[in-house]
Amino acid sequence: MDYSSTINLPKTAFPMKAGLKEKEPKIIKKWEEEKLYQQLRELRKGAPKCILHDGPPYANGDIHIGTSLNKIIKDIIVRYKSAKGFDSPYVPGWDCHGMPIELKVQESLGDKYKETSKFIMRKKCRAYAQKYIDIQRKEFKRLGVMGDWENPYLTMSPEYESEIVEVFAQLVEKGYIYKGLRTIHWCMDCETALAAAEIEYDDNHTSTSVYVRFPVLNKINDKLDGNVDVMIWTTTPWTLPSNMACAFNRDLEYVAVEIDGRYAIMTTSLVDTVLSKKDMKAEGRDMIPVSMEDIEKLEIAHPFIKDRKSAVVFADYVEATAGTGIVHTAPGHGMEDYQTGMNYGLEIYCPVDKAGRYTSDFPEMQGMKVRDANPKVVEILENNGSLYHKEKVTHSYPICWRCKNPLIFRATSQWFMNMTHDDIDKRTVKALDNIKWYPTWGHDRMQKMLENRPDWCLSRQRSWGVPIPAFYCKNCGKTLLTAESTRHFAEIVKTKGMDVWFELEAKDLLPEGTKCECGSTDFDKEQDILDVWFDSGVSSFAAQKTNKDLDGVFPVDIYLEGGDQYRGWFQAAIWPSMAIRGIPPYKELVTHGWTLDEQGRAMHKSAGNVVSPLEVIDKYGADILRLWCISEDFTHNARVGDNMMKAIADNYRKIRNTFRYLLGNISDFDFTKEKIEVKDLLPVDRYALSRLHSFIKVAEKACDGYEFHLFYQRLINYCVVELSATYFDIIKDRLYCDRKDSVSRRSAQTVLVEILDVLVKLIAPVLPFTTDEVWGYYKGENASSVHLELYPKADDNLIDLELEKEWTSILKVRDDVLLSLERARDNSTIGKSLEAYVTICTKEPATKELLTKYEKYLNEIFIVSKVTLSDSKDDTFIEGGVSFVKTEKASHEKCVRCWGHYDSVGTDSEHKELCTRCAEAVR
């Protein structure tokens, strides 16, 4: 008789092949048609809020792998928080203003750019930004990111721009905003000032360094009267025309060293270094100490500008680590130089225009770019005998974040936010202690960046952005910037848009009757715009006003961005918040690392190692990319490449096959009617249920701490080792061969349903497409989405640690049995494990007691036909970790249905080819 039809084989239409590339777009369409995001908002209405505030990506170009990592991790967190019962809306945003877009539009205009008005330029920039907002929105949705995509916050929307101006008004009102002449970082190519957040560093920049003699005009002391120079060292020869002083340090010792018939003053500790540049030594050389009193009365001439003297100043930043211990000081071309110049009343001299060319103030080199000027300056020094030595040095040098070209320091009049007003610097550093940092080192990193930070340069000399709403009296030149005038403009922007600044006259943008102190009502408008970091920095204010789901939520719970944002958005956001609200805008600050190629190299188009997320999705599916995002600790740099994706896809298949096994083996089971009570479950089923709820705790702890890589590792181990290789293996015979409605079979199915229900919910935040598909097969096509479900709760009553401890010991014995079976296969004693009888001699009495307790289940646990426990062993036993095991060929007949070799085979008169269990199952 053929008994194959009596086997309870798994039945499910859930396919083994994922086909994510084809399925995922259909699932997205289904979510949109069902308004899943809106359903979730309605379902969580009134629940505690948990807001992850989106740091706005720049609306320029397609998304890259780093952007994908950022958005996916955010989405996993938001989905997880929603599953935990929080009302966790996700409002995406875009950073729309700024130089990259303006330069792209400028490039597209070509020669017409110079003839294009600011109004037209802004219109084109707006269209360009909107184009990429639409492109990126589609790409983010394809990643499976769920959010309010139809109502994002855009820094170029009238509502948002109005709030930027309103926040600026509050800062004006509180006394934080001022305009002043400062030496700041300047990009000659972009022709604009830059703030600290926009500066990068080239660690391998090569500069021309020069040692220069500045002639001393007066008698210093009885030994030094004529033929004396002050020796300075600089890596920016082009700034020498702007020299106004030589800076000394009162804590250093100075000496005049005879070199080629003249004396050169320098710090004593650097004499050997300076002389070595010319292969000279100090030994036998005349050296005369120079006192502070001598230094204070020095009269120093500029080395090549006639009738200009270089003042003597003192500064703590002058060190004896390099150079000569005397610093060339040009207040118009250095931050420290500027401060020293202010302290000593020096002229803030800067003969360089916005394009980096010398002006008519230095006619000898008028029109020359300063980046090309070093050879000319060196030539002048050589010709007049002032050059002691020149050489190339490699060092770290500031470059523009946008064009990557070297920056200069340039003294210009700019708008600033005062970073010491009302002790905001001290209050902000102290407030860092109230923030949770992931990883924890973020606190110290941020603190170092905030301490002694210079005032925030807010003005930019561009057109695509939010104008600084200041006015200038045409009659007396005084500046008009008040909270009242700024708020008035904010209201105009709210209804008419920001472009009115470029369309209307100043009088139409000011409150009626506005007058200057001189009585004039005639004003000019400021031409500069606000730093775009200010735009995104005030998003915690502005996004609230543009989306009802965020209204009234402050501070938000989470900011999550890459590590570069410590000097960018994280800082830009904290300063306005501390100034206006007195607290940081975020409770938790989470940082992710960079994405690198498989060899750990940075990705560059020129290197041909760029990994496109869209190509990954097209090949593997978004769920595979999402699984990669949690496969490693995202707070560290993450490597990505095709080999890694193949490995991730392999693990995904293991997860998918776990779901397929679960669905297939509960197809004939009605949980509500046929479930077995916990107290009646078979021991291995109770153990599996306990392990499931222990897993929930592990998963929850990992996800609460954003350690998704730990969840991933535990998930793969759970699916592959605990379920597939162990529990599923043990219960397979019972599921397939026990009577369909037997308690033993229903016991296993009861636990399988529990595992499926928990597992699909645990994984849902990470694999939204796959779990949605699984949920449909589990609950039926018309069931509501799994993403509306709550996260599983671990039931402590179902966690039996003593039982888990027992089974840990049993499974160690199982490992020993599997080893013995493998040896028996190798020597052809057996084929399949059911052909084996095993005898076990444990190393510890307690282990035997445990096996005796579960003796009736050992055949099932070890998947053999007979198990005998013995107190003795011989050399036919194989030694394992906790026991000795002997494997023998089964001596009884094989049951043709279950393939076990039992002494009961042939005892049933009706079914002589079956064992007793199988005969009962087929009646």
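Glycine residues also receive a Cβ, built from the backbone N, Cα and C atoms like all the rest.
Here Swiss-Prot gives motif ''KMSKS' region' for one range in the set 447-451, 602-606, 722-726: that range is 602-606. Segment annotation: Swiss-Prot labels motif ''HIGH' region' over residues 57-67 (candidates 35-45, 57-67, 838-848). Neighbour list (Cys895 (Zn(2+) binding site), Cβ cut-off 8 Å, at least 6 residues apart, same chain): His901, Tyr902, Val905, Glu913, Leu914, Cys915, Cys918.
Note: the Zn(2+) site is recorded as Cys895, Cys898, Cys915, Cys918; in the same chain, Cys737, Val896, Arg897, Trp899, Gly900, Tyr902, Val905, Leu914, Thr916, Arg917, Ala919 also have Cβ atoms within 8 Å of that site's Cβ centroid. In sequence order, Gly55, Asn70, Gly568, Trp569, Phe570, Thr591, His592 constitute the residues six or more apart from Glu561 (L-isoleucyl-5'-AMP binding site) in its chain with CB-CB distances below 8 Å.
Across the motif ''HIGH' region' (57-67), DSSP helix (H, G, I), strand (E, B) and coil residues number 3 helix, 1 strand, 7 coil.
Summarised by DSSP class, the composition of the motif ''KMSKS' region' (602-606) is 2 helix, 1 strand, 2 coil. It is Cys898, among the binding-site residues Cys898, Cys915, Cys918, whose Cβ has the fewest other Cβ atoms within 10 Å in the structure shown.
Annotation note: Cys918 (Zn(2+) binding site) sits in a helical segment as assigned by DSSP. When pLDDT values are averaged over the motif ''HIGH' region' (57-67), the model yields 94. A strand conformation is recorded for Glu561 (L-isoleucyl-5'-AMP binding site) in the three-state DSSP classification.
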